[in-house]
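Record features (TrEMBL):
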type     : residues : note
REGION   : 1-33     : region 'Disordered'
COMPBIAS : 1-10     : compositional bias 'Polar residues'
COMPBIAS : 11-25    : compositional bias 'Basic and acidic residues'
DOMAIN   : 85-243   : domain 'FCP1 homology'
ACT_SITE : Asp95    : active site, 4-aspartylphosphate intermediate
ACT_SITE : Asp97    : active site, proton donor
SITE     : Thr151   : site 'Transition state stabilizer'
SITE     : Lys189   : site 'Transition state stabilizer'
Amino acid sequence: MDSSAVITQISKEEARSPLRGKGDQKSAASQKPRNRGIFHSLFCCVCREDGEALPAHSGAPLLVEENGAVPKTPVQYLLPEAKAQDSDKICVVIDLDETLVHSSFKPVNNADFIIPVEIDGVVHQVYVLKRPHVDEFLQRMGELFECVLFTASLAKYADPVADLLDKWGAFRARLFRESCVFHRGNYVKDLSRLGRDLRRVLILDNSPASYVFHPDNAVPVASWFDNMSDTELHDLLPFFEQLSRVDDVYSVLRQPRPGS
């Protein structure tokens, strides 16, 4: 495996590009990186552009669903039944890279974690920075919701990061690249495969391409790289507090938002 095939990231240049309509699949997909840097295949949301399929061990069938209820046709869902403590909670899918952390193969003096990742027999050090307020954010989100980590990065990198990041056990489950749907050159997080009522599912992600099948379930977040003055996660908490009390997330998310 190439060392550029483990982590899913976008570049700062792509993060500066203005986002278009969230229902526009083509424009959303264009937000993903096209460069082939050393960590593109470790962190990448864009795979090859030649129609490459997902790995054969991908658990559930590949589905492409529009907004709506959970499909009635029996499928192998990505999540088990919700635990008793979460049975009445909304499910929130939370992205990892550029949403909660930023990682690099280049040494970083103020790294919060250093993760060894073995690629083709060679151990690489991945330097991980935590987004400001991520501790406060995860602790509170774990109290309010059934939280699921869902990343297009590989488990060999993302799992140890989550072990160190999630001190409170906020994540009830972790889903990695093999749980994504490969669609038009991107790894997409198909919320219809979770096994949850989509009226009670949210996704927090910096990449519109990740939620292109279900844009009305998304709470967008700005990509984060290294700005230690960032307050986005802190600022989002009141909105999530509001969402945690609704019966149907579409009653809020389908309403016009300030600045949209």
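From the backbone N, Cα and C atoms, a Cβ is placed for every residue, glycine too.
Remember, predicted model here, so these are calculated numbers, not experimental data.
Using CA atoms as reference points, the recorded positions Asp95, Asp97, Lys189 were checked against Thr151 (site 'Transition state stabilizer'), and the closest is Asp95. Comparing Cβ neighbour counts within 10 Å across the active-site residues Asp95, Asp97, the minimum falls on Asp95.
Long-range Cβ neighbours of Lys189 (site 'Transition state stabilizer') (same chain, at least 6 residues apart, Cβ-Cβ under 8 Å): Val93, Phe150, Ala152, Leu175, Ser179, Cys180, Val181, Ile203, Asp205, Ser210, Tyr211, Phe213.
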